[in-house]
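Feature list (source: Swiss-Prot):
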| type | residues | note |
| --- | --- | --- |
| ACT_SITE | GLU89 | active site, proton acceptor |
| BINDING | ALA9, ALA10, MET11, ASN12, ALA13, GLY14, LYS15, SER16, ASP88, GLU89, ALA90, GLN91 | ATP binding site |
| BINDING | CYS146, CYS148, CYS183, HIS186 | Zn(2+) binding site |
Amino acid sequence: MAKLYFYYAAMNAGKSTVLLQSSYNYRERGMQTLLFTPAIDTRYQYGTICSRIGLSEQAYAFNNTDNLYVLTQELQLQATKYSCVLIDEAQFLTREQVYQLTEITDQMSIPVLAYGLRTDFRGELFPGSQFLLAWADELIELKTICHCGRKATMNMRIDENGQAVVEGEQVLIGGNESYVATCRLHYKRGEAGKTFPGNKLFNKDTNTF
């Protein structure tokens, strides 16, 4: 029986890397995969899933009004049967689109692997993540670390000076220049441990790199 999987994590946990590796594993065995990425993510070339380690793959860029169940049916008519559907940045899905993913698994018997953030910079659930947590068959946490070495579970938004931002719109597309993953303790303290050129972390206790 096909299942809906939600792989969630904080920023920079390698979600896109794991997605691309999973797709490669299917294709290496002669199976077809369908990749989706939200059009709202403008960090990279349109319709491309990119990882921080340099991997990339073409994907179907969807908007929040697209019906992913219908799209999958239509795209499958143009190709052989898909063995897996993979969604990048799944936190941007709408409630309706998460329901459509359940239809892909339940009606088409295709496993769906969704990868995304659990919470925003305010520590609140994204709509897509909320319903994936509620409806997915399997929940898998991908782990990354805070600058202190603890597991990072929070996403801190930072300004150009590396200071924590606590107000603003939920969605602000950005990478390492805008966000940093931290543990809950340093999230509450507003201490980002900002990475500077050369990948050296500034130690706020000793004022040294």
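Glycine is no exception: its Cβ is also placed from the backbone N, Cα and C atoms.
Feature map: annotations from Swiss-Prot on the structure.
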residue : record              : CB count, 10 Å
ALA9    : ATP binding site    : 22
MET11   : ATP binding site    : 21
ALA13   : ATP binding site    : 21
LYS15   : ATP binding site    : 25
ASP88   : ATP binding site    : 24
ALA90   : ATP binding site    : 30
CYS146  : Zn(2+) binding site : 23
CYS148  : Zn(2+) binding site : 13
CYS183  : Zn(2+) binding site : 21
HIS186  : Zn(2+) binding site : 22
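If you take the Cα of CYS148 (Zn(2+) binding site) and the Cα of ALA13 (ATP binding site), they are about 15 angstrom apart, rounded to a whole number. Of ALA9, MET11, LYS15, CYS183, all annotated as binding-site residues, the residue with the shortest Cα distance to the residue listed as 'active site, proton acceptor' is LYS15.
Neighbour density for the residue listed as 'active site, proton acceptor': within 10 A of its CB lie 23 other CB atoms from the protein chains shown. In three-state terms derived from DSSP, HIS186 (Zn(2+) binding site) belongs to a helical segment. Each residue in ILE145, HIS147, GLY149, ARG150, ALA152, THR182, ARG184, LEU185, TYR187, GLU191, GLY193 lies on the same chain as CYS146, CYS148, CYS183, HIS186 and has a C-beta within 8 Å of the C-beta centroid of that Zn(2+) site, without being one of the site residues. If you measure from the Cα atom of LYS15 (ATP binding site) to that of HIS186 (Zn(2+) binding site), you get 22 Å.
DSSP assigns ALA9 (ATP binding site) to a strand segment in the three-state reduction.
Distance noted between the C-alpha atoms of CYS183 (Zn(2+) binding site) and MET11 (ATP binding site) is 11 Å.
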